[in-house]
Each structure stands twice: as structure tokens, then as C-alpha cells.
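What follows is a short report on a single structure.
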């Protein structure tokens with residue numbers, strides 16, 4: 001069934017759907033993931049796990065049917081909160097209402113996964129922040145998936161990933177193909193992989209990434225979107241009368257225009273939690289892939305590559321090994337995951353079961369998780385897709 005049909009049906013089904021947004025609390029900040037979940041009437045269990053290389057990650061679980069576990073993974077500079085911050089109309093809530101056992105994961109370095117067995121993110125900066133999305137794929141994901149499957153006593157789980165949250169799964173499944181048997185299906189929303197056709201203004205930053213790398217190293221800056229940056233963002237975006245409008249315009253210029261993303265003053269909610277910390281190396285890895293036109297491991301330079309990989313070029317991820325069922329959902333106005341990159345991705349994967357645009361125009365990269373009317377348009381389609389694999 002197409003998105004157009006779902007749009008007509010779901011408009012009737014969801015007309016009386018209770019809506020809400022995780023707005024600021026009295027302190028002016030957006031509540032935590034667990035606070036939002038509990039305010040919406042859900043139990044939320046907080047789990048911590050440790051990866052093989054010592055990073056301590058937080059997993060949130062909204063209990064449901066243990067035979068139907070589903071794992072959410074956020075994108076670049078984001079956290080699990082992105083899937084619930086729209087309150088009752090959030091994607092995660094739609095899935096929880098359908099009875100799934102919901103697990104929301106976090107990448108190392110973000111607001112919920114900043115700890116380490118031996119390193120301090122604020123002191124041991126060069127060592128702690130020495131990771132890109134490669135390490136998330138080969139360390140963070142296996143640790144979280146195995147933990148969920150152990151807790152639920154299931155052999156496989158479903159996955160919903162957004163943006164770079166999809167790229168890390170492609171890393172995992174091409175590096176450790178045995179994990180294909182543990183995932184059914186992998187639903188990717190605006191997936192970021194090849195990154196060759198990202199539009200300006202982000203494209204301009206990608207082009208000057210080698211220069212930015214030198215500057216960051218000179219400043220001993222290994223964390224991206226640190227607390228100082230967050231304070232500056234919140235200050236600028238809070239300036240009256242046009243601070244919010246300015247920040248909204250900046251975000252839309254990077255992700256693509258849409259009249260749905262920040263409806264109802266939602267920009268105030270977003271700027272009080274987004275973006276969250278990641279590593280400079282993570283952003284440089286994206287830029288390398290874009291500039292080299294390859295979806296490959298991190299490029300340390302010819303000499304270091306030979307020592308590490310046995311070749312002057314870093315090895316490309318072999319996407320032919322990603323043989324689990326993959327759904328690729330796209331937005332027509334997505335500047336960060338444009339159609340050209342998704343055509344390459346679709347041609348590289350052997351088992352794409354859905355390859356479609358969401359029937360909304362205009363729609364941008366953020367709308368998958370923040371769009372106000374996604375509960376009418378996107379969520380019913382995803383739930384129907386999930387049912388095919390239960």
C-alpha cells in the first residue's frame with residue numbers, strides 16, 4: 001500500500017489522537033527522555049551498558065510485548081530524546097502505543113552516554129573523543145543489540161534509524177554480517193551514507209573540512225557541540241525579538257525547507273536540547289566520505305592507512321554484506337540525504353524491501369523525527385511495515 005493511501009486512511013483514524021509536545025519545564029530546559037516518557041504515562045527503565053572499548057552507554061526502555069522488541073537509533077549530534085520530544089505525537093510513542101517493547105539507544109559522547117571506564121570526556125579530550133561513526137557501528141551497536149536481545153530473550157529485533165543512525169548500522173552489518181540475522185527489518189529514515197551530494201551550506205563546510213581539522217587540532221578541540229557551544233546557541237536563539245526565527249532559518253537552510261518542522265513554536269523546544277555533543281572526528285569522517293565519494297573507513301593519511309589497513313586508501317564498507325531487509329524512506333526536500341545519495345545506497349544494498357518518498361511536500365531531514373503531522377503521514381506506514389515482520 002502506498003503512502004498516499006495511508007495518508008487518506010490515517011487522517012480518519014488519527015483525527016482524535018491526543019497531541020502534545022515536550023515543552024520546556026520551569027527551569028527553561030527540555031525534560032529528559034525518561035521525564036517525558038513518564039509525563040506521558042509510560043514506565044521508563046534506564047539501563048547502562050559498557051562497550052568493549054570502555055564507553056558507558058544509556059539505553060531507555062518503555063516496556064511492552066517482549067516478543068516485539070524495537071530499537072531506535074538517532075542521528076548526528078542528536079540523542080534518543082529526538083524520538084520522543086514531540087510528546088504524544090512522537091514516533092516512539094506511536095510505536096509504544098502499538099504494543100512494542102521500545103528501546104531507545106544513544107551513541108557515545110552524547111548527553112546520555114558521556115561516561116567511560118577510565119577516561120574523562122572533559123579532561124582526557126584527545127583520547128576520549130578519538131572516535132567516529134565507525135566505532136559507534138562496531139562497538140556501540142553490538143553492545144546495545146546483544147543487551148536488548150538478552151533482556152527480551154528474543155533472537156531478533158526491529159530497528160528504526162534516522163540520518164547517521166542508519167550509517168552506523170551499515171557499518172555494523174558490513175563489518176559483522178552475522179548481525180543481519182538479528183535485525184528484521186532495518187527501517188532507515190533519511191539515511192546518511194555516501195554523503196556525496198549533501199547540499200549547501202553544509203556542503204561548503206565539507207569542502208573546507210581539511211582546513212577546519214587543522215584549526216581544531218591547534219585549539220585542542222576534539223568535542224563538537226560542547227557545553228560552551230550549547231550555551232552560545234541557547235543565548236543567540238533566545239534573543240528577542242528575532243533569535244528564534246534566526247535559528248529556525250539556519251536549521252532549515254541546512255536540512256531543507258518545510259512548513260511542518262517548527263510549527264507551534266517548536267523551535268524553542270529544539271534549541272534547548274539540540275545539537276548535543278559528538279566528536280570532531282565524527283564530522284571529519286562524514287566530510288572524508290563526501291569528498292572522496294566513497295563510503296569508507298576513516299582516512300588517517302597514506303602512511304598511517306598502510307600501517308592500519310595495509311593499503312594507502314581506507315577500505316570501503318562492503319554493503320553487499322548488508323542482507324537483512326532494509327527500508328529506505330526519503331523526503332523530497334532533504335538536503336542532507338538527497339535522492340542522488342539514496343540511489344547509490346539502493347543500488348549497493350542487496351535486500352531493499354521499501355524504497356519510497358514520504359508523501360508530504362515540502363518535507364526535510366528533520367521532519368522524520370520532528371514534523372508535527374508525521375503521526376498522520378509517516379507513523380501508520382511504519383507500523384504497517386513492522387507488522388509484516390512480526
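From the backbone N, Cα and C atoms, a Cβ is placed for every residue, glycine too.
Heads up, TrEMBL stuff is auto-annotated, nobody curated it.
Taken verbatim from TrEMBL:
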- 163: active site, nucleophile (ACT_SITE)
- 334: active site, charge relay system (ACT_SITE)
- 365: active site, charge relay system (ACT_SITE)
- 69-195: domain 'AB hydrolase-1' (DOMAIN)
- 1-23: signal peptide (SIGNAL)
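Between the C-alpha atoms of residue 365 (active site, charge relay system) and residue 334 (active site, charge relay system), the distance comes to 5 Å.
Residue 163 (active site, nucleophile) is 11 Å away from residue 334 (active site, charge relay system) when you measure Cα to Cα.
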